[in-house]
Amino acid sequence: MMTAAQGLLTIDLDALAGNWRRLRDRLRSGTECAGVIKANGYGLGDIPVARALYGAGCRTFFVAQMEEGLRVAPTLPPGCRVFVLSGPIPGCEADLTAAGLIPVLNSAEQIERWAAHARARAPGAPAAIHVDTGMERLGLMPSELAALREDRRPLEAFAPVLVMSHLACADMPGHAMNARQVSAFQAARAAFPGVPGSLANSSGIFLGPAAHHDLARPGVALYGVNPAPGRPNPMAPVVRLQGRILQVRHVDAPATVGYGATHWVAGRRRIATVGIGYADGLPRAASDRIMGVLEETPVPLIGRVSMDLVTFDVSAVPHPDAVRPGALIDLIGPLNPIDDLAARVGTIGYEILTSLGSRYARRHIGGTAPDGGTERT
Ligand SMILES: *Cc1c(COP(=O)(O)O)cnc(C)c1O
């Protein structure tokens, strides 16, 4: 049956796998490349994403929440590691261990709690330790790190398998914060001799080898967002978002379009109404600001984005036949990349991806999944 969905989201798993390899190849030799698949694989489907990354060679994954780990981990082949960035929620320590998930311990309190859990029920349970080097969000504060250097007993109850920190300004290579964090992390690692280190997110990989350590944690670049803003995007696009034309109208006399009558047309325009809106994650801030593409022709979005509908001025499309009910307009595609859309609405690709709505027909194409072939979800 032909899909009745009004928005089509196509996710290219081969491009995703290629992006992972491209990032891995930038790392200094000996550095492992992980994959960050939190928030449902940045909105693209964590299970197919993880499977495609596994096919490319990825064996270490990061999720934000335990619930995410519980869903994805059982779908991965044995030998994979899944870290939970938020750490253990009080009372859930045994569930983490039972599921084989590895928590990231972000405070002295979490370290104490994990040590107590390990002593009582799970000797040598693995965990990562997150040291704050300037983000002031999660991670051991300098005073907590100093205390741990004095009294190492909590560290003896469990197995620290990774020490990590997170960069605040990696997408601004010239920012002084980067050098401060790189050296603070180097110093902090001395407290954990023999424990592998991890600092770089996607943009951190592009800061060079001093940020690479033993394990890199790219997320957004895997999904095609530019990790090096201001420079040409080294990543391949992964997402194509298309909206279906419901109706085409010819305007001959002066008129206004949409809620608030914000957009004025002087007459003689063709307008296509497309069946997706802010309920699908297309920001209302896109009103009168973004470009769709139809038949390789840029078509401006005119008027307000409403809940289920948007309108495009398609007057410039040369073939009238192309503008018909059922035809698809690209909102994100080869000629209008996600970073452009994000910039035009004053946000970042991360937010566009993780806001992608639940009404789209999602199609995963390509993929080197163990069971092979194209899958449709
Ligand atoms: C989300 C996240 C990442 C991945 O960041 P990107 O900028 O998407 O590459 C890495 N590390 C931590 C701690 C994160 O929260």
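Note: Cβ is positioned from N, Cα and C throughout, glycine not excepted.
Features of the protein shown, as given by TrEMBL:
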type	residues	note
ACT_SITE	Lys38	active site, proton acceptor
ACT_SITE	Tyr259	active site, proton acceptor
BINDING	Arg137, Met307	substrate binding site
DOMAIN	238-365	domain 'Alanine racemase C-terminal'
MOD_RES	Lys38	N6-(pyridoxal phosphate)lysine
Q: Would you count the other CB atoms within 10 A of the CB of Lys38 (active site, proton acceptor), including those on all shown protein chains?
A: 20
Q. Using C-alpha atoms, which one of the recorded positions Lys38, Arg137, Met307 comes nearest to Tyr259 (active site, proton acceptor)?
A. Met307
Q | Lys38 (active site, proton acceptor) and Met307 (substrate binding site), distance between Cα atoms, whole Å | A | 27
(Q) Tell me the Cα distance separating Arg137 (substrate binding site) from Lys38 (active site, proton acceptor), rounded to the nearest angstrom. (A) 17
Q. Near the Cβ of Met307 (substrate binding site), how many other Cβ atoms are there if near means within 10 Å?
A. 12
Q: Name, in the order they occur in the sequence, the residues of the same chain whose CB lies under 8 A from the CB of Arg137 (substrate binding site) and which sit 6 or more residues away.
A: His166
Q: Kindly assign Lys38 (active site, proton acceptor) to one of the three DSSP-derived states: helix, strand or coil.
A: helix
Q | Other CB atoms, at most 10 A from the CB of Tyr259 (active site, proton acceptor) | A | 15
